[in-house]
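Asker: Found this in Swiss-Prot, in case it helps:
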type: ACT_SITE; residues: Cys52; note: active site, cysteine sulfenic acid (-SOH) intermediate
type: COMPBIAS; residues: 184-199; note: compositional bias 'Basic and acidic residues'
type: CROSSLNK; residues: Lys7; note: SUMO2 cross-link
type: CROSSLNK; residues: Lys120; note: SUMO2 cross-link
type: CROSSLNK; residues: Lys185; note: SUMO1 cross-link
type: MOD_RES; residues: Ser2; note: N-acetylserine
type: MOD_RES; residues: Lys7; note: N6-acetyllysine
type: MOD_RES; residues: Lys16; note: N6-acetyllysine
type: MOD_RES; residues: Lys27; note: N6-acetyllysine
type: MOD_RES; residues: Lys35; note: N6-acetyllysine
type: MOD_RES; residues: Lys35; note: N6-succinyllysine
type: MOD_RES; residues: Thr90; note: phosphothreonine
type: MOD_RES; residues: Lys136; note: N6-acetyllysine
type: MOD_RES; residues: Lys197; note: N6-acetyllysine
type: REGION; residues: 176-199; note: region 'Disordered'
Amino acid sequence: MSSGNAKIGHPAPNFKATAVMPDGQFKDISLSDYKGKYVVFFFYPLDFTFVCPTEIIAFSDRAEEFKKLNCQVIGASVDSHFCHLAWVNTPKKQGGLGPMNIPLVSDPKRTIAQDYGVLKADEGISFRGLFIIDDKGILRQITVNDLPVGRSVDETLRLVQAFQFTDKHGEVCPAGWKPGSDTIKPDVQKSKEYFSKQK
């Protein structure tokens, strides 16, 4: 895995690349196009594979939930935009994606995967990296899975909600926090209010 330039608490590496958009058209997009929104940017190894469509379809099917949080989901792989489009145009029952609600970025030169530190150089493909970038373009969360295991849309949604909550309220979120759960005031005395309720 490459070391990359993606570091928590720092600006996420910008990119400009061709994507297949939800309307089926090709469009050059940049990360900077989404400034003012949260972004979930995830990499997957290859089009026309096995775990990848389950993840991409799961994120696409729930794109509206992310949109309600002012969050854009973007997928990326090293395949060409033509390959992405062919996969989108292949029916789900034949291993395709079907219509998408999220852009799929093409990274054939592997520069974006390299920048984000998810390039599996010996195979020229990406590990399953997922990056949460806040509305100021700052990288807040990184997860990287090895190739055989897919990611959880529920957990990604929870993390976006948690980061947005801490941004807005200045309180911190304990393990497993979900909207409506108790949070912790980051102060030695005030935090006791949370801990005093624990069993």
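Counting begins at 1 with the first residue displayed.
Backbone N, Cα and C atoms are what each Cβ position is placed from, and that goes for glycine too.
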Asker: Does Lys16 (N6-acetyllysine) have same-chain partners at least 6 apart in sequence with Cβ under 8 Å from its own Cβ, and which are they?
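Answerer: Counting only residues 6 or more apart in sequence, the Cβ neighbours of Lys16 (N6-acetyllysine) under 8 Å are Asp28, Ile29, Ser30.
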Asker: Please identify, among the recorded positions Lys7, Lys35, Lys136, Lys185, Lys197, the one with the smallest Cα-Cα distance to Thr90 (phosphothreonine).
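Answerer: Answer for the nearest of the recorded positions: Lys35.
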Asker: Should Lys27 (N6-acetyllysine) be counted as helix, strand, or coil on the basis of DSSP?
Answerer: strand
Asker: Can you tell me the three-state DSSP label for Lys120 (SUMO2 cross-link)?
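Answerer: DSSP call for Lys120 (SUMO2 cross-link): strand.
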Asker: Starting from the Cα of Lys136 (N6-acetyllysine), work out which of the recorded positions (Lys27, Lys35, Cys52, Lys120, Lys185, Lys197) are within 10 Å.
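Answerer: Hits: Lys35.
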Asker: Considering only the recorded positions Lys7, Lys35, Cys52, which residue has the minimal Cα-Cα separation from Lys120 (SUMO2 cross-link)?
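Answerer: Result for Lys120 (SUMO2 cross-link): the nearest of the recorded positions is Cys52.
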